[in-house]
Amino acid sequence: MPNPLYRQHIISISDLSREQLECLLQTALKLKAHPRGDLLEGKLIGSCFFEPSTRTRLSFETAVQRLGGKVIGFSDGANTSAKKGETLADTARIISGYTDAIVQRHPKDGAARVAAEFSRVPVINAGDGTNQHPSQTLLDLVTIYETQGRLDKLKIAMAGDLKYGRTVHSLCQALKRWGCEFAFVSPPSLAMPDYITEELEEADCRYRALGSLEEAAEWADILYMTRVQRERFDEQEFAKIQGKFNLEASMLARAKPNLRVLHPLPRTDEIHPDVDAAPHAYYFEQATNGVYARMAILSLVLNEEV
């Protein structure tokens, strides 16, 4: 079967078909079960992180090395010529002359698409502002499939910062292709953006607002937690919502046995440490799946056959 992702940019989940997502998912699962160390042999990957990252940067670099490739790059845009005023377009032109693919994280929405326009090699978006995070979405799909045995018709609850959280935007855009049903738990000021709910409506996916994490845990197959970002509130407004969207183990008392709690990490206080021992907690395993998801992306983008 032809590889539908060979030499393709990976910029946004909305650019990918269900066939392409399924190809990525199955390749990640295959590489997890049967690792290969030759798929990036002789390949050099540019790791271009203009803002801080722990899991995404290290898991991409781990993926490259486990596949037999090598990495060059930077972990802070302040130490590059961007500090001198070099445009992102010129940076992409230059680095694409050195490497076989570019993995880029940038604080500005749309930055990955700009880089792709000027790069001579595939660009993989490792997060652009509040916009998209497609490799996180793939590891989420791998984790959901691994824990539920399917993606079709699942009940997905999302909680916390749904307005600015790029992970939940991308995940909605992916899971709508499998007819999932959604529930949202957030303060009104951090509700899911209209453009996402409109896409769900166009895909005939039902969604609802729920008032508490207890309700969400009882209803859902997957409870996807995110951090409510204190810096986006004044002190008085934050005081009104503080603790309301923090998950504790006692809140999972009526959860279905198959419920899994996910989180893109890092967490602060939105998941209490007592949840870690609950059978529903799966966020650390989810983070581990980042390596296999990113191995799949790199392998498919840089090989005609995998």
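Cβ from N, Cα, C; glycine included.
Applying an 8 A CB threshold to same-chain residues 6+ apart, the list for P266 (carbamoyl phosphate binding site) reads T54, R227. A coil conformation is recorded for P266 (carbamoyl phosphate binding site) in the three-state DSSP classification, outside any helix or strand. Positions annotated as carbamoyl phosphate binding site by Swiss-Prot, on the basis of sequence analysis: R55, T56, R105, H133, Q136, L265, P266.
Annotation comment: Swiss-Prot describes K84, R166, R227 as L-aspartate binding site.
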Nonlocal residues around Q136 (carbamoyl phosphate binding site), in sequence order (Cβ under 8 Å, 6 or more apart): T56, G127, R166, T167, S170, P264, G290
Those residues of the chain, 6+ apart, with a Cβ under 8 Å from that of H133 (carbamoyl phosphate binding site): T56, N125, A126, G127, R166, T167, S170, P264
Intrachain C-beta neighbours of R105 (carbamoyl phosphate binding site), sequence separation six or more, cut-off 8 angstroms: C48, F49, F50, E51, S53, T56, R57, A126, G127, D128
Structural state of R227 (L-aspartate binding site), classified by DSSP into three states: coil
Alpha-carbon distance [K84 (L-aspartate binding site); R55 (carbamoyl phosphate binding site)] in Å: 28
